[in-house]
Amino acid sequence: MSKGTSSDTSLGRVSRAAFPSPTAAEMAEISRIQYEMEYTEGISQRMRVPEKLKVAPPNADLEQGFQEGVPNASVIMQVPERIVVAGNNEDVSFSRPADLDLIQSTPFKPLALKTPPRVLTLSERPLDFLDLERPPTTPQNEEIRAVGRLKRERSMSENAVRQNGQLVRNDSLWHRSDSAPRNKISRFQAPISAPEYTVTPSPQQARVCPPHMLPEDGANLSSARGILSLIQSSTRRAYQQILDVLDENRRPVLRGGSAAATSNPHHDNVRYGISNIDTTIEGTSDDLTVVDAASLRRQIIKLNRRLQLLEEENKERAKREMVMYSITVAFWLLNSWLWFRR
């Protein structure tokens, strides 16, 4: 018996020495890991909110207090179904805010928004700010509007004719008709008859004449009509300058030599007479102003495109000349080097 008891005591000592008891910190770490694993498993597998969250370390008194209904032991997790503003003007500390009542009682007016277009094309219609002041519909306005439509259609047809080279032929006819009378020609007069040629002035020249500037047009810039008249006059002036430059550049090509240095007085007299008659006959209606401004704007856009094409052609020609010059210089340098090597 003594041997058995001594052996048991020796085994207990060896086991205690080989496997020491865990400390309090190790026990706390083990419990924390176990709690985290259970918490993660409950969230990931069962997908539910935990019933409670402990706010104090585990203690027997707290557990007993929780069982007795003490609220300090844990916090019950409850997700509310809805959130309502506390108070209905019954409690002074939790009264209903006045801003909420104001927001709910204020009716919201719907806003009519128009989607802007992706592409703005000036050739289809004039700008919207030109139609701010529309006069009341009267028979006179209808007649003026019809005249404006006729002018627009006529200008479009004349643009097509000018693209086909009619302007060059008319210009040559002006110089070849020496027996024609040298007086002022109006759009509303009969065409000039000559023994060989018959020349009819183009109404397109009457549209490119300088505008008739009234003194009140420049001063009355506070109204929309004054702004429209200023835009029209400045646009016509710029367009006339561009046409003069193009005429000067075109004269050496069409007539060449000495004819390019001198201008045609008959042509200048005709243009001057047409400009004077046009300034006296042209009305002051808003519709005609809008039509003229839109047509002049389209013509200026076309001229700008032509000038851009000419500039691009000049740049390409300069590049080609530079490349050819470089190739020529390199060729002669190579030939000279080979000649010196011999």
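Including glycine, each Cβ sits where the backbone N, Cα and C put it.
Given the structure is predicted, the values throughout are model-derived calculations rather than measurements.
Look at Swiss-Prot and you will find 291-322 tagged as coiled coil, backed by sequence analysis.
In the structure as shown, the Cβ atom of THR115 (phosphothreonine) sits within 10 Å of 5 other Cβ atoms. According to Swiss-Prot, the feature phosphothreonine maps to THR115 (among others).
The feature phosphoserine is assigned by Swiss-Prot to SER155 (among others). In the three-state DSSP assignment, the secondary structure recorded for SER155 (phosphoserine) is helix.
Swiss-Prot lists SER157 (among others) with the feature phosphoserine.
The phosphoserine annotation in Swiss-Prot covers SER172 (among others) and is backed by similarity to another entry.
Annotation comment: Swiss-Prot describes THR200 (among others) as phosphothreonine.
The phosphoserine annotation in Swiss-Prot covers SER202 (among others).
Under the heading phosphoserine, Swiss-Prot lists SER229 (among others), citing a large-scale study or a structure entry as support. Around the Cβ of SER229 (phosphoserine), 24 further Cβ atoms fall within 10 Å across all displayed protein chains.
The Cβ of SER233 (phosphoserine) has 17 neighbouring Cβ atoms from other residues within 10 Å, across all protein chains displayed. What Swiss-Prot records for SER233 (among others) is phosphoserine, and it gives a large-scale study or a structure entry as the kind of evidence.
The annotation phosphoserine is assigned in Swiss-Prot to SER295 (among others). Other Cβ atoms within 10 Å of the Cβ of SER295 (phosphoserine), summed over all protein chains shown, number 20. DSSP assigns SER295 (phosphoserine) to a helix.
The average pLDDT computed for the topological domain 'Cytoplasmic' (1-322) is 62. Annotation comment: Swiss-Prot describes 1-322 as topological domain 'Cytoplasmic'.
Among the features that Swiss-Prot reports, transmembrane segment is placed at 323-340.
Cβ-based neighbour count (10 Å, all protein chains) for SER155 (phosphoserine) stands at 19. Proximity note: of the listed modified residues (THR115, SER229, SER233), none has a CA within 10 Å of the CA of SER295 (phosphoserine). The Cα atom of THR115 (phosphothreonine) lies nearest to that of SER229, taking the modified residues SER155, SER229, SER233 as the candidates. Here the C-alpha separation of SER229 (phosphoserine) and SER155 (phosphoserine) works out to 20 Å. Distance from the CA of SER233 (phosphoserine) to the CA of SER155 (phosphoserine) is 19 Å.
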